[in-house]
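J.: The structure under discussion is supplied below as C-alpha cells; questions concerning it will follow.
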C-alpha cells in the first residue's frame, strides 16, 4: 500500500510539471491522477478494474468536454503511463473499454495527443 501511494505521488508530481506550461483552464494532471489512482492495480497487471477505477474513468471522460481538455488529459495519461515502471500496456489500452467508455485514442506512451479532438 505504501509503495502504491509513493508511486501515485510520483505520478502526480510528474503530471503537474508536464501540464503546467500548457494549462489554460484545461484539466489538470492532478485531477487525472486523482480520478485514475484506483486503477493502479489493474494498470500494473492486476485483475479487472474496480468499480472505483471505472468511476474515475467515467468522471474524467465527463470532465474532458473540450478539445483542450481532452488533449490535456491525453498528455497527463501519456506522462503517467511512462512513469509507471511495471505498466501492463495491454491493460492500459483496454482500460476505457473495460469500464464501458470509448475514448478516441489508446492510453499509451506513444499517443500523439495533438491529434485528439472533441
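Here the Cβ of each residue, glycine as well, is placed from N, Cα and C on the backbone.
The following feature annotations were taken from Swiss-Prot:
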SIGNAL    1-25  signal peptide
DISULFID  29-76  disulfide bond
DISULFID  39-53  disulfide bond
DISULFID  54-99  disulfide bond
DISULFID  74-113  disulfide bond
J.: Distance check, please: Cα of residue 76 (disulfide bond) against Cα of residue 53 (disulfide bond), rounded to an integer number of angstrom.
T.: 16
J.: In whole Å, how far is residue 53 (disulfide bond) from residue 113 (disulfide bond) when you measure between their Cα atoms?
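T.: Between the Cα atoms of residue 113 (disulfide bond) and residue 53 (disulfide bond), the distance comes to 22 Å.
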J.: Which of the disulfide-bonded residues 29, 39, 53, 99 has its Cα nearest to the Cα of residue 74 (disulfide bond)?
T.: 29
J.: How would DSSP class residue 39 (disulfide bond) in three states?
T.: helix
J.: Using the alpha carbons only, what distance in Å do you get between residue 99 (disulfide bond) and residue 39 (disulfide bond) once rounded?
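T.: Spelling it out, the Cα of residue 99 (disulfide bond) and the Cα of residue 39 (disulfide bond) are 11 Å apart.
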J.: If you draw a 10 Å sphere around the Cβ of residue 99 (disulfide bond), how many other Cβ atoms fall inside it, taking every protein chain shown into account?
T.: 21
J.: About how far apart, in whole Å, are the alpha carbons (Cα) of residue 29 (disulfide bond) and residue 39 (disulfide bond)?
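T.: So the alpha carbons of residue 29 (disulfide bond) and residue 39 (disulfide bond) sit roughly 15 Å from each other.
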J.: Taking the Cβ of residue 54 (disulfide bond) as the centre, count every other Cβ atom within 10 Å, in any protein chain shown.
T.: 20
J.: Fewest other CB within 10 angstroms, which one of the disulfide-bonded residues 29, 39, 74, 76, 113?
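T.: Each of the disulfide-bonded residues 29, 39, 74, 76, 113 was scored by Cβ atoms within 10 Å; lowest is 113.
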J.: What kind of secondary structure is residue 99 (disulfide bond) part of, going by DSSP in three states?
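T.: In three-state terms, residue 99 (disulfide bond) counts as coil.
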J.: Name, in the order they occur in the sequence, the residues of the same chain whose CB lies under 8 A from the CB of residue 53 (disulfide bond) and which sit 6 or more residues away.
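T.: Once residues fewer than 6 apart are set aside, residue 53 (disulfide bond) is near 36, 38, 39, 42, 95, 99.
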